[in-house]
Amino acid sequence: MAKNKINYEELGGIILPYIVGKENIHKLTHCATRLRFELKNRDIVDVDSIKAIDGVIDVVEGGGQFQIIIGMNVQTVYKSLNRVLGVSNDSVNTSSSEKPAKKSLLERFMNTISTIFTPMIPAITGAGMIKAILAILVLTKAIDTNGHTYYILNMISDAAFYFLPMLLAYGAALKFECNPILSITLAGVLLHPSWIALVNGNEAASLFAIKLTLVDYSGSVLPIIITVWIQSFIEKYADKYSPEMIKFFTKPLITILLTGILALLFIGPLGSKLNDIVASFANILNDKVSWLIPLLMGALQPVMLLTGTAWSLTPIATMQIAKNGYEQVNGPGMLASNIAQGGATLAVALKAKDKELKQLAASTGFTALLGITEPSLFGVTVKLKTPLIAAMIGGGVGGIYAGLSGLVRYAFVSPGLTALPVFIGENPMNIVHAIITCVISFAVGFIVSFFITKIE
């Protein structure tokens, strides 16, 4: 039976009672397709009732989060939830003395990654698309790279990546439950022009007679995350031991001064070294076995979405884009996976005799080709099983080609047909390899799904 038209503006109010209200929510964020809850008590949630709500694609748990999959209308539902909860933040935090249940190490890691990186995605997506448009204009000779127009537009597109520590500081503050304005201020310390002047100078520098390691932190990832983590402890102690009458200035004074000094002396250099180690390891894999990571990402991306581990390589991809202007660990394999998912689902649409299944597979298959795969994954391929296998095979084969051809992604955008411009860059063959990856992934996913899927 066909469902009624969904009112996403009201969906938040419908979902909330089954979560057992605001009192059971520790944190709430969202990504491109999901509401991501950290709950105080998962056991009291009525999962079956949530799954039965029109507009909810599915419910999954992963990375220590309770995730409700909505699809492309998730932001509308998130805003409606905020209205019902009476908050207006980009991340809802209803922390109290009651904390969520303890999670495994993997769950804590994935939860940390998603909470820190989710808020910055719109900024680097927008900046990345500007870079893609600029690349097209340069390729078609519609803009002069020596002119002021290109110079200024390129500056606008670079801002999010240069000031990446500031964006990460905000997400890290949400995760570690400290003042985000102070966190952003500390990121500003690492990026201050006076510090950059020291880095670019020829003289050694010291602080309290301790030699400083002069590092350029623009575009870095780990230094600010570790800094904000340390800030969270210093801020708590400053709050606890500052006299009430002067706390309003002693708390930020102590937090900024102590954390800032520690960041410049110890935390920043340590984080920068870890940053370089992680980046070097990824580069070694790309040099020695260039097909391996795209193969794994292409084949296993659906499983990673199901288990909530899809964010695992985001920090490395972000480091690569900020440092090199492109990344190889996430985008190429994701492109293969998304297109294969679309092909496998559209094969179901072609074979299905049931009208509702045919319509569902056609619409969600097309959406997957555009880069949003959850509707097809949870609505069709997981339920029928064999199309999921076909999508994984198609994604793996496409991923092998992407890796062997040296395909790179120049901007942090969910890969799909409409996002192909993010594969346009200095190497004119890169977009050709992206298109061939799409053709291979779609063809293999579609053909395998068509022949192995049996629909009752």
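Just so you know, the numbers here start at 1 and follow the chain as drawn.
Keep in mind that glycine also has a Cβ here, set from the backbone N, Cα and C atoms.
Going by TrEMBL, these are the annotated features:
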type: DOMAIN; residues: 9-91; note: domain 'PTS EIIB type-1'
type: ACT_SITE; residues: CYS31; note: active site, phosphocysteine intermediate
type: DOMAIN; residues: 111-456; note: domain 'PTS EIIC type-1'
type: TRANSMEM; residues: 116-139; note: transmembrane segment
type: TRANSMEM; residues: 151-173; note: transmembrane segment
type: TRANSMEM; residues: 180-198; note: transmembrane segment
type: TRANSMEM; residues: 204-230; note: transmembrane segment
type: TRANSMEM; residues: 251-271; note: transmembrane segment
type: TRANSMEM; residues: 291-313; note: transmembrane segment
type: TRANSMEM; residues: 388-411; note: transmembrane segment
type: TRANSMEM; residues: 431-452; note: transmembrane segment
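Counting same-chain residues at least six beyond the ends of the transmembrane segment (388-411), those with a Cβ under 8 angstroms from any Cβ of the stretch are 124-125, 127-129, 131-132, 135, 289-303, 317, 321, 325-328, 330-333, 335-337, 339-341, 343-345, 347, 377, 381-382, 422-425, 427, 430, 433-434, 436-438, 440-446, 448-449, 452-453. Sequence-distant residue pairs (6 or more apart) of the transmembrane segment (251-271) and the transmembrane segment (180-198) include at least 3 whose Cβ atoms are under 8 Å, placing the two stretches in contact. Long-range Cβ neighbours of the residue listed as 'active site, phosphocysteine intermediate' (same chain, at least 6 residues apart, Cβ-Cβ under 8 Å): VAL74, SER114, THR118, ILE121.
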